[in-house]
Amino acid sequence: MRKNIKKSILFIILTIFFSWLIAILFYISGGRLDMPVATAVLVAYMFVPMTMAIIVQKLVYKERVKEPLGISWKLNRWFLVAWLLPAGVAFATLGVSLLFQGVEYSPEMAGLFERFESVLTPEQIEQLKRQLAASPIHPVWIALLQGLVAGITINAVAGFGEELGWRGLLQKELYYLGFWRSSAIIGIIWGVWHAPIILQGYNYPQHPIAGVFMMTFFTLLLSPIFSYVRLKSKSVIAAAVIHGSLNATAGLAIMVIKGGNDLTVGITGLAGFIVLAIVNIILFIYGHFSTEEMRL
């Protein structure tokens with residue numbers, strides 16, 4: 001147990017230090033999230049947990065990486081769940097958002113274009129509107145298809161940059177605490193890890209300070225779901241797929257609504273929290289009555 005704690009703490013310290021260093025250097029150099037270079041910075045940020053996991057596992061503790069951290073390409077039905085579940089969560093979040101006062105269905109995507117006003121010029125927005133109007137298929141279905149493709153390819157690669165750390169090394173080292181306790185600890189650390197980029201406007205541009213707490217609660221709710229997929233699939237690759245798919249399909253939850261703000265609508269808002277809480281309740285009830293033992 002002592003080894004698990006020391007190893008976990010070392011990984012957490014290294015990951016947060018180097019991740020936050022990237023975010024701080026980006027900020028003090030005048031970087032903003034609406035700059036083209038921000039994408040590269042965010043991807044680099046995502047790969048820090050993977051890099052630190054390999055350093056701690058291989059270089060510090062002289063242990064193998066592949067099998068102990070769950071790198072397995074043996075496909076099973078949980079890979080399909082990992083791929084499709086986030087889109088279902090996004091559409092469910094859309095439905096919950098419409099129950100909120102002041103939030104309306106907007107097939108012309110008025111709310112989405114309002115959000116674009118902070119990052120695109122009026123001319124770019126008008127050009128985008130014309131392109132979407134000319135499409136024979138509603139943009140939601142195009143976005144769904146693109147999200148599913150990206151979720152299992154390029155976004156999954158980026159997701160692996162995080163998941164080898166969170167659901168690879170850290171879940172393995174903390175699992176002696178039990179599923180729910182280890183998931184909660186990972187979720188909180190995962191949320192705190194996001195803090196510097198949240199403060200710069202990521203996910204919660206209207207409420208960056210409150211966004212730090214919202215993001216931590218979001219990852220707290222998300223962590224058991226990702227951990228469950230990791231355990232059932234017996235692969236951290238599946239965790240990377242669900243992570244990538246979530247990032248790729250999250251926009252579906254806000255595409256056809258207007259009203260609300262970044263604290264209330266979307267998967268990282270209150271509507272998303274309600275949906276994720278329901279998924280967690282389902283997992284808890286299923287786990288309570290299931291006789292199947294989950295082991296790493």
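The chain as shown is numbered from 1 upward.
Even glycines carry a Cβ here, placed using N, Cα and C.
What TrEMBL says about a protein is an automatic prediction, not a curated fact.
Since this is a predicted model, take the numbers as computed values, not measurements.
Summarising the annotation, TrEMBL assigns transmembrane segment to 9-29 (among others). Below 8 angstroms of C-beta separation, residues 38, 41, 44-45, 48-49, 51-53, 55-56, 60, 165, 169-170, 173, 189, 192-193, 195-197, 200 of the same chain, each at least six residues beyond the ends of the transmembrane segment (9-29), sit close to that stretch.
For 35-56 (among others), the entry in TrEMBL reads transmembrane segment.
Long-range contacts of the transmembrane segment (77-100) within its own chain (CB-CB distance under 8 A, at least 6 residues past either end) are made by residues 144, 147-148, 151-152, 225, 229, 232-233, 235, 237-239, 241-242, 245-246, 248-257, 259-260, 264-267, 269-272, 274-276, 279. If you look up TrEMBL, you'll see 77-100 (among others) marked as transmembrane segment.
Sequence annotations record features per position, and here TrEMBL assigns transmembrane segment to 140-162 (among others). Long-range contacts of the transmembrane segment (140-162) within its own chain (CB-CB distance under 8 A, at least 6 residues past either end) are made by residues 43, 46-50, 83-84, 86-87, 236-237, 239-249, 251-252, 255-256.
Feature annotation from TrEMBL assigns domain 'CAAX prenyl protease 2/Lysostaphin resistance protein A-like' to 148-248. DSSP labels the residues of the domain 'CAAX prenyl protease 2/Lysostaphin resistance protein A-like' (148-248) in these numbers: 88 helix, 0 strand, 13 coil.
The annotation transmembrane segment is assigned in TrEMBL to 174-197 (among others). The list of residues near the transmembrane segment (174-197) in space but at least 6 beyond its ends in sequence, with Cβ under 8 angstroms from a Cβ of it, reads 1, 4, 8, 12, 15-16, 19-20, 23-24, 27, 33, 42, 45, 49, 166-167, 203, 212, 215-224, 227-228, 231, 284, 287, 294, 296.
The feature transmembrane segment is assigned by TrEMBL to 209-229 (among others). If one looks beyond the transmembrane segment (209-229) by at least 6 residues along the same chain, the residues whose Cβ comes under 8 Å of a Cβ in the stretch are 78, 81-82, 85, 163, 166-167, 171, 179-180, 182-184, 186-188, 190-192, 194-195, 198-199, 202-203, 238-239, 242-243, 246, 262-263, 267-269, 272-273, 276-277, 279-280, 283, 294.
Look at TrEMBL and you will find 236-257 (among others) tagged as transmembrane segment. Within its own chain, the transmembrane segment (236-257) is flanked in space by residues 69-73, 78-79, 81-87, 89-91, 93-94, 97-98, 103-107, 109, 111-112, 115, 139-140, 143-144, 146-148, 150-160, 162-164, 166-168, 222, 225-227, 229-230, 265-268, 271-272, which lie at least six positions past its ends and keep a Cβ under 8 Å from the stretch.
Look at TrEMBL and you will find 263-286 (among others) tagged as transmembrane segment.
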Fill in the blank from the handout: The answer for the transmembrane segment (35-56), taking Cβ pairs under 8 Å and residues 6+ beyond its ends, is 7, 10-11, 14-15, 18-19, 22-23, 26, 65, 69, 158-166, 168-170, 193, 197, 202
